[in-house]
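Please read the structure below before turning to the comments.
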Amino acid sequence: MPSRQIPYGTLRLRRSNSDSEALLTGGADSDRQADIIVREMEQLQRLMEDNPVSEELRRYGPKNREALRDLPQGLTMKRTVRAKLSASVSLRSKHRPISFYKRLKYRISFALKKGRDRISELIFSIEPWHEAIRHLEGQFGSAVGSYFHFLRWLFALNLLLAILLLCFVVVPQVLHDQGNNRTGSMGFLDFVSGKGGFEDSVLFYGHYHWGDVTSFGPLTYNMPFSYFFTMISLYLFFFAILCYRTAYSYRRNFIEIAGGLSNVFATKVFCGWDFGIVSQHAAALNASSIYNEFKELLSEQNKKHVTMSLWRRMWQYMVNVVVTGAVLALVAGLQYGLWLLLALKTEVQHWEIFVSLIITFVVALCPLLFNLIVRVEYYKARTALYVTLARTGLLDISTLTMLLVYWTQSDTPCWESALGRETYRLVLLDALVSLFLLPLVEFARGFIFKLNPNSGAPEFNIAYNSLTLVYNQAVLWLGAVWCPLLAVAVALKFLLLFYVKRECALRACQPARKVWRAAQTQTVLYMLVTLSLFVTLFSVGSLFLRGSSQTCGPFVTYTRVWGVVSEGVLRLPERPALRRVLSFLTRPGVIAFLFLSLCVATYFMRARARAQRSMVDILRRMLVLQAKDKDFLLAAIDKVSNGEWLYNPREEEQAADSHTLKYLQEVRKPSNAAYHFDVTRLNHSMSETRPHRADTRPHSYHVDRRRRSEDGDTDSSFSWQGSASCLNHTKDQ
């Protein structure tokens, strides 16, 4: 057999050959032995082809027998044989060998891939709170786990932002302030309000130097350049990260499962277990997590689809529209009331603390109100969660936008520091609510439930807790420019919030009674964070293009903040040609053209995606039809091979019940309609081979043995045309 004709077997069968004797004797020259082995292996054409399959055969051999590693030779001999064999293949190959630059590119790409894998393994090994989140997922399911995953990701993001701001903005200013002694009151109310001694500190925008910063050495540090380019670079960098993260999550949780998942339960059963578990407690937690995932999947699969009347659907639609309009009116009314509250002039000391406290309570209580309002509407559980997230996100973004517009239009001499103090107070007061007030309420509800189980178990509110994170992140995006140390405060707050929420979930909350899959919730949260950053970029960019305060901040020497680039870097007053080019590029017509081009490109990509989706649907239907065709043809071939004719003509009133005629009339004709089945040959062969059955078996058709020559002459094919003519002939008789 060809599979037995392998090099080592050939050497073993030819012991009388002198070359084989030299190979088997230990005193022979190693190069001669290698040449003998290579010469024997070159006799097999399959091993000498220049393709990956032959390369695998040269390495391991067929069925792992007589491979290079199994030869009774040393490792040096095996390497020599492999090198010689590869060189022989390269000489015989018709393909051009890989060049040095392409080989170098491959090696660099392999090295980069290996380095990326090692970095990912390192990050996974130092991943914080991994066991804690697994414990929470085992107790409460993937929905609560998604909240803690989101919290951990935002903490890492804010920690990186805080480190970069400290290195490039805060530390140089601290070194510059070493010789300056600043005094002021630093009481508790001053700490909460951000005034007194905290007002003129590195906390806020107005304290930073407007010129070069010098320390002990001769080096100087330009603070306006550092402040501007650090903020712009960080905002754009984190915006790119959020866009990538959102797109990745959307593709994974929405696009890839748009056509429905296949074999989900089999995948969960055979591939869902974590084989790295070594303790019994961890195994119990993993089993509980898989159990909750099965409950989520089964709850989605077993949903009952109830058909509703047109009037009921219209009523539900009208209720949803009216309630949504009422919520929008409520949000607009709240913003107008907060504007009037900010503009109110009073002599009350520390009035700004009361204003910030009212804003904090509005932002904290409105999500609970929205959660109650959504129960009036006719939404599913997941849709209700998304609606609540969207409404609360709209409230947060509109509140922060209102604060930005108010302080930019106020008569405050240094409105940038005032806006920074406002964001600082919002984060600090929200920390008091999130870390102290709400946990006390949850523990009180849990204690009441233990005393009276009929009162209802408190559940972990995913929508409210997630929107708290989104709100804090939106405040950070807005206030990082005017309060650089705000990133440190938010990162520390998220660190404490993780442990507080974990204890609240484990000790005071119960698993949800209605379990539903929330793998797509993280995508919506990423979208809200990205949207808040986009609004902040738009707002801050518009402020940088206009004039800044001339009394404080690092840009007091420039008429506009953009002057750092135009006057300090590009020096446009000294370069009129470059100034004309930039003025042309910033004209409304050019910007409108770029915007229209972007809209056209977006429309093209959207149309292309829809066309591809339609093509996928068509291909799926074609696969279904092909499967039906195969099933039909296999059944037909089986009947013909058993000597039974496919058609059984009935009476005229029963002809419509024939499955084959239905297929002919309603579906389509198969692709082999040009072939004809010769019934006479079938009868002739059957009468010759099986005469006893020819006499006893009832005929379901009557044909004339004298057929026309154009009906075909084949035994392995049959004809729809010939069958139709046969049926017509039967009817005529």
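Even glycines carry a Cβ here, placed using N, Cα and C.
Remember, TrEMBL labels are computer predictions, not curated facts.
Here TrEMBL flags 687-711 as compositional bias 'Basic and acidic residues'.
Per TrEMBL, the feature compositional bias 'Polar residues' maps to 715-733.
What TrEMBL records for 686-733 is region 'Disordered'.
Feature annotation from TrEMBL assigns transmembrane segment to 153-175 (among others). If you look at the transmembrane segment (153-175), the same-chain residues 6 or more away from its ends with a CB under 8 A from one of its CBs are 202, 207-209, 213, 215, 221, 223, 226-227, 230, 234, 238, 241, 245, 469, 473, 476, 480, 484-485, 487-488, 490-491, 494-495, 498, 529.
Outside the transmembrane segment (225-244), and at least 6 residues removed from its termini, the chain residues within Cβ reach (under 8 Å) are 157, 161, 164-165, 168-169, 172, 208, 477, 480-481, 526, 529-530, 533-534, 536-537, 540, 554-555, 561, 564-565, 568-569. According to TrEMBL, the feature transmembrane segment maps to 225-244 (among others).
Annotation source TrEMBL lists transmembrane segment at 317-341 (among others).
The transmembrane segment annotation in TrEMBL covers 353-374 (among others).
Remote same-chain residues near the transmembrane segment (426-448) are listed as 192, 356-357, 359-361, 363-364, 455, 458, 468, 471-472, 475-476, 479, 486, 489-490, 493, 496-497, 500, 503-504, 507-509 (criterion: CB distance under 8 Å, separation of at least six residues from the stretch ends). Marked as transmembrane segment by TrEMBL: 426-448 (among others).
According to TrEMBL, the feature transmembrane segment maps to 474-500 (among others). Within the same chain, residues 129, 148, 151-152, 154-155, 158-159, 161-162, 165-166, 169-170, 202-205, 231, 234-235, 396-397, 400, 403-404, 416-417, 419-424, 426-428, 430-431, 434-435, 439, 529, 532-533, 536, 539-540 sit at least 6 positions outside the transmembrane segment (474-500) and bring their C-beta atoms closer than 8 Å to a C-beta of that stretch.
Positions annotated as transmembrane segment by TrEMBL: 523-545 (among others).
Annotated transmembrane segment per TrEMBL: 584-605 (among others), in sequence order.
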